[in-house]
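Reviewing the structure listed below.
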Amino acid sequence: MSGFLEGSRCSECMDWGEKRNTIASIAAGVLFFTGWWIIIDAAVMYPRMDQFNHSYHTCGVIATIAFLMINAVSNGQVRGDSYSEGCLGQTGARIWLFIGFMLAFGSLIASMWILFGGYVAKEKDVVYPGIAVFFQNAFIFFGGLVFKFGRTEDLWQ
């Protein structure tokens, strides 16, 4: 496999640095959409409460709130580079970001608990709703990370 990509030509004039924000935003949107698509599919396929407890949607809602909280704070506000201090300043931005990450990790851990505690350990015939809850939260979590850290704020330099 040493010469696998040697025949393909990548354009040298293609500047991926200028398109970084676009690519990261599209990738994060696709991940977020895929997460909600999976859980909607599970809710439609298993509408009865004994097959899929619909209170499990709470994890996805909390993951979505965490997604919004994480991305509401810019990296400049966390570093203290912004021109205005805002409502609580740099410390408030860091606390807000920390709470957002706590909610994101908490919803991901809760979705694993739902998968294993509610479907695998009970040896249910249908495990797909538990897998759907986990993948929904995983996709939303990774979409939030891509949207937060995949973009850059220094377009003018």
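Placed from the backbone N, Cα and C atoms, the Cβ positions cover glycine too.
The annotation phosphoserine is assigned in Swiss-Prot to SER2.
Sequence annotations record features per position, and here Swiss-Prot assigns N-acetylserine to SER2.
The feature transmembrane segment is assigned by Swiss-Prot to 26-46 (among others), with sequence analysis given as support.
Long-range contacts of the transmembrane segment (58-78) within the same chain, counting only residues at least 6 positions beyond its ends with a Cβ under 8 Å from a Cβ of the stretch, are 32, 35-36, 39, 86, 90, 93-94, 96-97, 99-104, 106-108, 110-111, 114, 133, 136-137, 140-141, 143-144, 147-148, 153. The feature transmembrane segment is assigned by Swiss-Prot to 58-78 (among others), with sequence analysis given as support.
Look at Swiss-Prot and you will find 95-115 (among others) tagged as transmembrane segment, backed by sequence analysis.
What Swiss-Prot records for 126-146 (among others) is transmembrane segment.
Remote same-chain partners of the transmembrane segment (95-115), defined as residues 6 or more beyond its termini with a Cβ less than 8 Å from a stretch Cβ, comprise 56, 59-60, 62-63, 65-67, 69-70, 72-73, 78, 88, 127, 130-131, 133-134, 136-138, 140-141, 144.
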